[in-house]
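Lifted from TrEMBL, the feature list:
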{"type": "ACT_SITE", "residues": "1224", "note": "active site, proton acceptor"}
{"type": "BINDING", "residues": "56, 61, 64, 86", "note": "[2Fe-2S] cluster 1 binding site"}
{"type": "BINDING", "residues": "126, 129, 162, 164", "note": "[2Fe-2S] cluster 2 binding site"}
{"type": "BINDING", "residues": "292-299, 372, 382-386, 395, 439, 457", "note": "FAD binding site"}
{"type": "BINDING", "residues": "803, 868, 1035", "note": "Mo-molybdopterin binding site"}
{"type": "BINDING", "residues": "836, 870, 966", "note": "substrate binding site"}
{"type": "DOMAIN", "residues": "18-104", "note": "domain '2Fe-2S ferredoxin-type'"}
{"type": "DOMAIN", "residues": "264-449", "note": "domain 'FAD-binding PCMH-type'"}
């Protein structure tokens, strides 16, 4: 026990201030009292700074990133760091300088070099996430005395998500700010560098990065990076400066004395900012239920998303006693309020200064903190906050326990007691703190000679993700005779119990034992009994989590054994194949290439022009729906949603809503003046549920109030009484109950499947089932019509039952296929989705006899809808599964089976369409040559032979995607083109620009048509008063149709201008336009286009549904960790036939973005619903409904080597200017990663004698990968035919 000293301080009376000031982009702001309920994001957007976006609202996407600067009196300089504004309480940044994207640069006064580089590099598509990326890098550069490394740049972006670009162009844009080192990017031994030349970080070749001139395009169509930017000065006070327009730290804040704060917010909320630990304790004594805050990363989510009510918040971020960091002779003393970034920096410093044997624990913390969270979270989250939250999946708490850490605890009287970390965690979110105590500090002792500490973590996604299971392990060895004996040990896990759990029996077993294979086997046996997980444990994946506890300990044993090899005596040495289990993951710098020809047509078509909106996007000036200012007296609405998957509504009581603040009205089915029936195709939904609800999240009514918060509060007070009814919560349940949407059964036939199966043509017939997981749209911009529903917008789930007959050579003769998709509680677009799945179920394979049935299941889930590919990828995935099954049966490679079954020119498809202009074989061969497939296959086999616990796999996958709406009448487009006398052109068309570059391509077509510069063409936003009856912007066909409609209008105007133009030579288009105007020539035209020669008749199952096909092929190489299921994509090489591209840079961006989005579908993104497979989730509810639980790919998931090539020399005669559609076709190519993963698993299973066929559902999450790799660590928990659960 001890006590806090300084009696004088203990007796002082604290005077709290209510004066709060803040600087935003250099402008002084006085913050009035009463705003404690606001986040920084709400304040910024409220004052019109809408460049900072509201994405997820939980610190998981990075769209709200801003830079905070404050003067650190301890360091005596200004510090700059990125934070999530959506989590930062407004008053937490009092006395600081906030810089938003608007303060970095804008298109009027000039772009900042970061903004310019990202715009030029095609690094934005929809642009919603772009300001967040800009601010993350800006904060890094402002905080760096010297240029950061490329690794530091990528690490700074770990907390930012992008759904569109695939990240590659962002990395390329930002790497020009990194330290330039030739060897980082390329082998330059063969390059002859002239004086003042250096290697471009984007291309790995000499270029003009250092010059002031910018060359946008070289002769090979490669994008060359823009000018390199170097800091012009460095100030110890203000940080690194990159331009002479940089906002400095306000001098007032340097001189301003910090004062305690006492402020308030709505609902009686109190906000305190004490400056001493004594004041903290006084406040805690006065308000026992008060929450201590530093980063608000946990409490903010509890209050905002979980609706927990805390009346008093105490910000302890400025308390010196809680922020101490002392390096002592026996260890490190860490204040409870120390930020994780500060802690990480200290650990990195001490490992370079202290003897290596003392810092084993520090190194473990460094590795664990790297994957702990995004940079923005680590910059504000505190050590003590993480400890006292006592999350059962905390990454750090098992390490504190294992590393012999001690927690110092202080009470209201100033008395201090110490407890061991391993005794601190009592139960779910309960710790050894009584009401009058707070955590003061943590003491981490140095490790002793031959004492080893190691961290472990497995998550759904490597970057910025919560753990499935984590662990901290320690062993201290001493040499007795010729043996190493365990003198002390500790093993602690997270993710296996309601709290961080010490494996006490395992620890007791280890101590005193010799460190050898016998102790390993004994410890594994004890561990199985030590760590118990019930079958219905929250979080599911019980078998996987159990296996991880053993895998982690096995890795620890191997790691320690490797550490002590060569140190004194050791009788047992590790085999080289075992070393793969302990090789740490290190991501190399991205190597990327984009190869294409430029086929210029006129002034603009064919050029890699920059996205027209890019400059507005990088500056935050692009306006989205949520950025639009509300009109005076505008009202806000929130939805009343069903909480039951299937029930009768007995009563609705809205009296609570009517008495809530700001209430303006509530509306239900009885209040709908017209029809209550809605639906995009079939009117089978209700606007407001009247008598029955058929899913969780169905709209029952709406509450309107003066603010959004009040509307949500009112909606929450509406009480609905239900009578629950039986619910159908899977495709299998629906099939068993014959629960299908009306008129949703379809059939396609070719040849005679039954006759083929019954004859002796087929040497083998196989049967199987493929389950295809769904995918959340997860576009970062909130959809205003869906913003308060949790469950809308998931891709269709699908199950198929298949029979395939084939010859001994592998030639497929017959396919009998039944497809069921999960439509949810309304039909929506699900019938069109299943139809396209049926069309694409052959992928690229010639099959003489085909029979395909398709059905849409009615289930009690929210209505599913289309995703990128519209069912095509699901159909093709089924085909690739039976291709691989045939290969396994015949002991041939899947690539060989694919090649002998390829379709070709003139092939008749199972729905009667003949293939024309088929480039499949040429593209496949070019890809095979480019990736040197046979050589890589041999290298992978050799690697697998010598590495037992890491396996590599490869795959090549083709695709053929039909272009057109499969509903004929939708294949039409209109446009309006106006020419003005100043030579400018205004284009309006029926398509919607959503980041895919549609406006840019259309503008290029208009520019080339009139032979004017692209800068003279302007696009008016889509409006039905200009172009009526527009078809949806979908089916990848929008560029084809709307560009053709614009060209039609341009041709009409040119035809009218021709008589005038032929009279003489005009010096400019403006002069010609003026002359035409003076002659009363109509310079406005409506263009129209219909896709010719298409149509399909479902009554006979024959026709020509597609105008043409876009072909592609991809190669992928992956490496998996068979002990944990972790994987990374080493290489992805993509070839696409896009004809003569209208804009190759935009098209490459579409290919990369689609591939990474597809990577999420096949390997990361798993929807978990409350169904029979997930009984720990409330029935019918979606568990994975935000970035905390649903994982889209992050920057860390992109391939190490990422190449995109566009097939050269193959114009497409079927579309405008010989181009091809690109939006959806590349998506499926990411399945190359899935099948490469399966190839690696096959190699792992072969080592344990399992060579039989096994299913691998998508997404191939760590659970599915690991549990398919059968070994001695899975054997205690599963059988060889174990199939992880999937919500379908």
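Here the Cβ of each residue, glycine as well, is placed from N, Cα and C on the backbone.
Just so you know, TrEMBL annotations never went through curation; they're auto-generated.
Positions of TrEMBL features highlighted on the structure.
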| residue | record | CB count, 10 Å |
| --- | --- | --- |
| 56 | [2Fe-2S] cluster 1 binding site | 21 |
| 126 | [2Fe-2S] cluster 2 binding site | 22 |
| 129 | [2Fe-2S] cluster 2 binding site | 27 |
| 164 | [2Fe-2S] cluster 2 binding site | 25 |
| 295 | FAD binding site | 27 |
| 298 | FAD binding site | 19 |
| 382 | FAD binding site | 27 |
| 803 | Mo-molybdopterin binding site | 17 |
| 868 | Mo-molybdopterin binding site | 22 |
| 1035 | Mo-molybdopterin binding site | 26 |
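Nothing from the binding-site residues 382, 385, 803, 836 places its Cα within 10 Å of the Cα belonging to the residue listed as 'active site, proton acceptor'. Those same-chain residues not listed among 56, 61, 64, 86 yet with C-beta within 8 angstroms of the centroid of the [2Fe-2S] cluster 1 site C-beta atoms are 41, 53, 54, 55, 57, 58, 59, 60, 62, 63, 84, 132, 1187. Checked against residue 64 ([2Fe-2S] cluster 1 binding site) by C-alpha proximity, the binding-site residues 126, 129, 298, 385, 966 yield 129 as the nearest. If you compare Cα positions, residue 1035 (Mo-molybdopterin binding site) sits closest to 162 out of the binding-site residues 61, 162, 295.
Apart from 836, 870, 966, the substrate site neighbourhood in this chain, defined by C-beta within 8 angstroms of the site C-beta centre, holds 832, 833, 835, 837, 839, 866, 871, 872, 962, 965, 1035. If you take the CA of residue 162 ([2Fe-2S] cluster 2 binding site) and look 10 A around it, the binding-site residues you hit from 61, 295, 868 are 61. Mean pLDDT of the predicted structure over the domain 'FAD-binding PCMH-type' (264-449): 94.
Here the Cβ of the residue listed as 'active site, proton acceptor' has 27 other Cβ atoms within 10 Å, regardless of which shown protein chain they belong to. Broken down by DSSP into helix, strand and coil, the domain '2Fe-2S ferredoxin-type' (18-104) contains 14 helix, 31 strand, 42 coil.
It is 17 Å from the Cα atom of residue 382 (FAD binding site) to that of residue 86 ([2Fe-2S] cluster 1 binding site).
A Cα-Cα distance of 23 Å separates residue 164 ([2Fe-2S] cluster 2 binding site) from residue 836 (substrate binding site). Taking the Cα atom of each, residue 868 (Mo-molybdopterin binding site) and residue 836 (substrate binding site) are about 12 angstrom apart. Same-chain neighbours of the [2Fe-2S] cluster 2 site beyond 126, 129, 162, 164, judged by a C-beta within 8 angstroms of the site's C-beta center, are, in sequence order, 124, 125, 127, 128, 130, 163, 165, 779, 780, 995.
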